[in-house]
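Colleague: Sharing a structure with you now.
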Amino acid sequence: MNSCPETSKRRISILGSTGSIGCNTLDVMTHLGGREAFDVPAITGMGNIELLAAQARQTGAKFAVTADPARYDDLKSALAGTGIEVGAGPSALIEAGARETDLLMAGIVGIAGLAPTLAAVAQGADIALANKECLVSAGDLFQDAIDSGGGKLLPVDSEHNAIFQVLEQDQRHAVDRIILTASGGPFRDFTRDQMAAVTPETAAAHPNWSMGLKISIDSASMFNKALEMIEARHLFGMRPDQIEVIVHPQSIIHSMVGYSDGSVLAQLGAPDMRHAIGYAIAHPRRAGLPVERLDFARLAKLEFYAPDEARFPALGLARTAMQRGGLQGAVLNGAKEIALEAFINGKLGFLQMADIVATTMDKLDDGRVAHSIEDVYAADRDARDVAASLLRQSD
Ligand SMILES: NC(=O)c1ccc[n+]([C@@H]2O[C@H](COP(=O)([O-])OP(=O)(O)OC[C@H]3O[C@@H](n4cnc5c(N)ncnc54)[C@H](OP(=O)(O)O)[C@@H]3O)[C@@H](O)[C@H]2O)c1
């Protein structure tokens, strides 16, 4: 077992510890020394109480929270006699974020992650950001909160983590473009007719990455890449025309930065989220991580294709949202969540998800901007309402 590069125990709270990002985070922490190296002020989950309780015991977490108020008693009895404090519901989630910590892993899926992450930002914690919805929906507001909180923002999305690693801070003025790689997902080579008939089960089967259900389906539709484009715009202060997407089926190059002298710097690695998570945990050092080493002779070839925006209209929608600015990112995300739920529940075809999002964005293209977190929630709510009414009309 490697030891943590820090000399004293570091405090790491994990929002969404029962999810894919959360479990990978705990795996990395175990590898880097476990309880001898880390204290865990708070962990949160939602429906998977058994796992949440097991994780709380394993890490010696001080505070365990389920987002679902109806599961409070279940969590309380699962942790009876341990001395671990238990909470449930939205205000307990925010309290989990607000508990003093050195680093917070933001691994909740969806906009539910925004308020508890902002609570951690406000207390000055460094933020390892997997929850892209924070930046997609709250954009400048979230960045401003980071600036006033004083903590570091460390991207965990593998593409943004790659860019963070190769972006030369003193040469930001010389950055021409950033190039986000996309695996193309399971339907990369499907025709539109084939895509029209796919099921949630096939959409969730990502060829390279093992991830949660929603992000896997978002990868298949490239809505995940669309969110990442908006996330990149805010994280790295890029104009929309500086953000490119290239399909790279092997997912070995995690993303690239192009400079004004024609150089392109890339970060490479095996497709394993523990890279980006371990990088964020160890930052600014590099820790020994239990990930596969690249064997270039065996890899032999790396391929690249321009994405087909007729089959993957989500990319164009991201560009529209960035050009329109204001709260269109929140609207895109809120409408996408409703369309995605409908697809998962068999109420909407795969290709129709983009139609619902596009129409919702047009209907709510009213120039509104975010002055407060409430404005972000209002845009999210309105987008969900409009998207839901479009769905009812299409029944
Ligand atoms: N997975 C990846 O490899 C990956 C890569 C890059 C970025 N991301 C981003 O990281 C975030 C998490 O993704 P994931 O794949 O780890 O998702 P996931 O596997 O679905 O896990 C989501 C976590 O959030 C909890 N949760 C679900 N709904 C919630 C709600 N309404 N309120 C509070 N907590 C809730 C879940 O609890 P229960 O499971 O207990 O119900 C679980 O702990 C997403 O924003 C995703 O885009 C993920």
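Note that Cβ sites are derived from N, Cα and C of the backbone, with glycine treated the same way.
These figures come from a predicted structure and were not determined experimentally.
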Colleague: Quick check: of Glu85, Glu95, Glu228, which does TrEMBL put in the same Mn(2+) site as Asp157, Glu159?
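Modeller: Candidate in the recorded Mn(2+) site: Glu228.
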Colleague: So TrEMBL lists Thr18, Gly19, Ser20, Ile21, Asn131, Glu133, Gly212 for NADPH; which of Asn48, Asn224 goes with them?
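Modeller: The record-listed residue among the candidates is Asn48.
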Colleague: From the candidates Lys132, Lys152, give the one listed by TrEMBL for the same 1-deoxy-D-xylulose 5-phosphate site as Ser158, Glu159, Ser183, His206, Ser219, Asn224, Lys225, Glu228.
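Modeller: Candidate in the recorded 1-deoxy-D-xylulose 5-phosphate site: Lys132.
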Colleague: Have a look at the binding-site residues Thr18, Ser20, Asp157 and say which one has the shortest Cα distance to Lys132 (1-deoxy-D-xylulose 5-phosphate binding site).
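Modeller: Comparing Cα positions, the candidate nearest Lys132 (1-deoxy-D-xylulose 5-phosphate binding site) turns out to be Asp157.
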Colleague: At the Cα level, what's the spacing in Å between Asn48 (NADPH binding site) and Glu159 (1-deoxy-D-xylulose 5-phosphate binding site), rounded?
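Modeller: Cα-Cα distance, Asn48 (NADPH binding site) to Glu159 (1-deoxy-D-xylulose 5-phosphate binding site): 28 Å.
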Colleague: Please find which two of Thr18, Gly19, Ser20, Ile21, Asn48, Asn131, Glu133, Gly212 have the most distant C-alpha atoms, given that the record lists them as binding NADPH, and give only that distance in angstrom, rounded to a whole number.
Modeller: 22
Colleague: Measuring C-alpha to C-alpha, could you say which of the binding-site residues Ser20, Ile21, Asn131, Glu133, Gly212 are within 10 Å of Glu159 (1-deoxy-D-xylulose 5-phosphate binding site)?
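Modeller: Qualifying among Ser20, Ile21, Asn131, Glu133, Gly212: none.
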Colleague: What is the number of residues in the domain 'DXP reductoisomerase C-terminal' (268-385) that are helix, strand and coil, as DSSP sees it?
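Modeller: Taking the domain 'DXP reductoisomerase C-terminal' (268-385) as a whole: 66 helix, 2 strand, 50 coil.
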